[in-house]
Amino acid sequence: MRTVATASHLRAAEEKVFSEQPGVDLMSRAADAIVSVARVIAPSGPVVVAVGPGNNGGDGLYAAAALAGDRDVLVWLAMGTGHEAGLHAADEAGCRQVDAAEATESLTDASLVIDAVLGIGGRAGLPEHLAMFVDAVDALGVPVLAVDLPSGLDTDSGAAHPSFRADCTVTFAAPKPCHVVGEASERCGDLVVVDIGVPVPDTGVFVAEESDVARWWPVPGPDSHKYTRGVVGLDTGSSHYPGAALLGCAGALHAGPGMVRYLGGAPQGLVVSRFPSVVMADGRVQAMVLGSGWGDLEDAAERLAGALSRGVPLVLDADALSLLPADLPPGSLLTPHAGELARMLGVQRHEVDADPMGKAREAASRFGATVLLKGGTQYVATPSGTVTIAVRGPAWTGQAGSGDTLAGACGTLLAAGLEADRAAILGASLQAITASRHPGPHPPDVLASFFPDVIADLVDVADLR
Ligand SMILES: NC(=O)C1=CN([C@@H]2O[C@H](COP(=O)(O)OP(=O)(O)OC[C@H]3O[C@@H](n4cnc5c(N)ncnc54)[C@H](O)[C@@H]3O)[C@@H](O)[C@H]2O)[C@@H](O)CC1
Ligand SMILES: [K+]
């Protein structure tokens, strides 16, 4: 996991470094990292560096100076001014200063554009002349390397302001919110996080990576059996929504449980004919999933009370989220989408959309349970206030039934003994990674059927033997 830091977190951390190590040259370290990545993306050919007025431009100018040793480097002062010492270094190294028209014309031959216009000091959006330059870059398909972040984005949000669209972003110390949430994250391309000697601040916000999923996945050992791997009970689906039972079973089974018990109100024959390993008899379970596809079941409250009396961690999804009891069993997980979270908190949907992380954190605190807020960006908030952003995937998963399979997978992971936040991070990340590796409009149960291949590929092969 990586810590996610805002612009003000980063500024405070940098100031501490400067006060403790007067004269430290962080800009050269930043420039070195940019140069290394630039050489990988475009080993030769002319480079156009769009430079802004602040230190982000300074990073770009020192990188331009280093690259000018063996290729043509054109420097465009996109805001009219630039970091003085950086400009001097670029001039000395033989970079050629160009105006907007020449910068745009030179794109036809350019192997790379370095966007060093605005970084964490930038205001969101781009002035007209820069927006036109970005359009020209996009139209010609010239690769873009963004310094710290694609200029135009708001560092601290996922909002899709007019901005550069990078193939790769080199950022310093820690990812910022714009790199990991919302549409903004899709403008960053591959993210390279570089340690330039600024300590990562303690923010309580994290982003999960594929390597975390591999590291934390509960892989059975030589002495494992169905009860050590975990038995998950599903009280999902109903006679009105029998498909939810199948989707939950698909998610639970393909995440690797010891056993799935189906205890819901959908026709049993339907479930067992599709999934013969699912057991219909009631008995011991180590976690329960409730609510997906309940609709307006008359006995919903009794079903929830029955599950609560088992004293095992619960995944509460969909219709069960409107019946939240005062005390949930320890280790329980709530899996709302934005509309359901708004209802849980008694706020408008747009308030959740405006501050999804804050609202997920508020719900976790209020209900004393981990909250997985589902959507394009998936937030896992704990009652202690930490938030982890799950690995992102393509929007193919944005379809009816994805939440049902996800709840089933999370139930399997809770039954395996994982803490609720890990179960949520792993379940949500697995679904996203699977959609990345198997892109296309697969129905949610079909996508879940690819989970085993993805899990096997992620975890250490030796562990599977
Ligand atoms: N503080 C440091 O020592 C380090 C900073 N680094 C770099 O410095 C960057 C931050 O530098 P700065 O604080 O100078 O900020 P920026 O370089 O991000 O931009 C600040 C300047 O741009 C102007 N500006 C902001 N938004 C604008 C807009 N929309 N239109 C027109 N002008 C706009 C501001 O008025 C200000 O002059 C980081 O992103 C990183 O790239 C790195 O060199 C590492 C070390
Ligand atoms: K930038």
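A Cβ is built for glycine as well, from the same backbone N, Cα and C atoms used for every other residue.
A TrEMBL annotation is a machine prediction, not a hand-curated record.
Here TrEMBL flags 55-59, 119-125, D148, A244, G293, H337, D404 as (6S)-NADPHX binding site. As annotated by TrEMBL, K(+) binding site applies to N56, D115, S151. According to TrEMBL, the AMP binding site annotation covers G403. As annotated by TrEMBL, domain 'YjeF N-terminal' applies to 10-204. According to TrEMBL, the domain 'YjeF C-terminal' annotation covers 209-458.
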Distance, H337 ((6S)-NADPHX binding site) to G403 (AMP binding site) (CA atoms, angstrom): 8
Name the residues of the same chain, 6+ apart in sequence, whose Cβ is under 8 Å from the Cβ of S151 (K(+) binding site)? A50, G52, N56, D115, V117, L118, G119, G122, L126, L130, S163, F164
In sequence order, those binding-site residues of D115, S151, H337 whose CB lies under 6 Å from ligand 1: none
Simplified DSSP label at N55 ((6S)-NADPHX binding site) comes out helix
Under 8 Å by Cβ from R123 ((6S)-NADPHX binding site), counting only residues of that chain that are 6 or more apart: D154
Most Cβ neighbours within 10 Å: which of the binding-site residues N55, N56 is it? N56
Result for ligand 2 contact check over binding-site residues N56, D115, R123, H337, G403 with Cβ cutoff under 6 A is N56, D115
